[in-house]
Amino acid sequence: MIRKIPSFIEIYESLIKIPTISSQKKTLDQSNKILIDLLSNYFSELKFSIKIQNIPNTNKFNMLASIGNGTGGLLLSGHTDTVDFDEHSWTKDPFKLTKQKNKLYGLGTVDMKGFFAFILDVLCSINIKKIKKPIYILATANEETDMSGARYFIKSTSIKPDCVIIGEPTSLQLVKAHKGHISYSINVIGNTGHSSNPSNGVNSIEIMHFIIKKLLQLKTYLRKKYCHKEFSIAYPTMNFSSINGGNAINRICALCNLKFEIRPIPGLTLTQIEILVQEMLQVTFKKWPNRIFLKNLFFSVPPYEFPKESKIVKKIESSCNLIPITANYCTEAPFLKKIAPTLILGPGSIEQAHHADEYLDCSFIEPTKKIIKKLIIKFCY
Ligand SMILES: [Zn+2]
């Protein structure tokens, strides 16, 4: 059989070479169009039909490649964007695939453009004519920021595969549940004045002190009340990420800002957290009316869990010899689950994701190809 697309390593190189950074900072944020076009070309060569969709009001795109007719089948999904990188911490070129000591370095090698190189390589090694159910490949945009790619895709698609596999770097373990993420910013507006006379102003740091006390109560409450034993950190966590306020030693501090995040376990919804935060801060809102302003930062991701007793999990467990586990990071699973049962399973370790000198350990290469092949055979043959 003549191979219609470049070799595994050449594809990998071509994907890493195209910068596709997603960032909340407008100056760093990039379109993923060139990468989407490249992927479309590769999958077209393999006779897949391609649908490209533009995420409204952005320069970002999703791609759905599909082959085979009928219902069911398998959807393999990955995001096309990466996080930003710190050029001072990287010792290698983030956009050049560098092989060194059995590792493949580059931004997106594990998180997660590399996953598409695996899929393409496996597709070259199987007899596509034999498939009885469709194979879908989804490439999403903006996973690293607001997950708008996955959010938009589920609203606009009618496909119904039997299973979705997201190839995030799970060290080839089968992840069936993960935590969610919600983050807040609180501004306290006081009144400034000369520090020699406290009655000159309202000190925002002192108000923030009461707010922090209340949030710490909530942190303890969440830890005591909610538990999911399958998680390595079995309770919802809260983290104060930053605090800023004040500008001169002799001035009453007029503005203080606090940022914090909560990571809920499955069983605790985002709405419940919203209510708990509001309730906990109610007394401070009443005591200092029009001085405390709470808002959500970024976009929240719900916690996710797929029942490990389900048929799909059992099927993957037995055919690929995997045991379902949980993870503390977030993925697009809470959105893609609207299409089909969704699990996370991919090459490389999450330890290397979002880190300088991100790399894929080459020991994952052959096992990953085997697993993807098994999944296609199990779900589509
Ligand atoms: Zn990722």
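Every residue gets a Cβ built from N, Cα and C, even glycine.
Listed by TrEMBL as binding Zn(2+) 2 are E144, H354; the candidate from D37, D86, D93, D111 that the record includes in that site is D111. Among H79, H88, H194, only H79 appears in TrEMBL as part of the Zn(2+) 1 site alongside D111, E168. In sequence order, G78, V110, M112, F115, E143, E144, I166, G167, P169, T331, G346, A353 are the residues of the same chain, not among H79, D111, E168, whose CB sits within 8 A of the CB centroid for the Zn(2+) 1 site. Proximity of the recorded positions D81, E144, E168, H354 to ligand 1, judged by a Cβ distance under 6 angstroms to any of its atoms, singles out E168 in sequence order. Nearest in space to H79 (Zn(2+) 1 binding site), taking C-alpha to C-alpha distance over the recorded positions E143, E144, H354, is E143.
The record gives D111, E144, H354 for Zn(2+) 2. Within 8 Å of the mean position of their Cβ atoms, the other Cβ atoms in that chain belong to T82, V83, M112, E143, A353. When the C-alpha distances from H354 (Zn(2+) 2 binding site) to the recorded positions D81, D111, E143, E168 are tabulated, the minimum falls on D111. Mean model confidence for the domain 'Peptidase M20 dimerisation' (177-288) is a pLDDT of 96.
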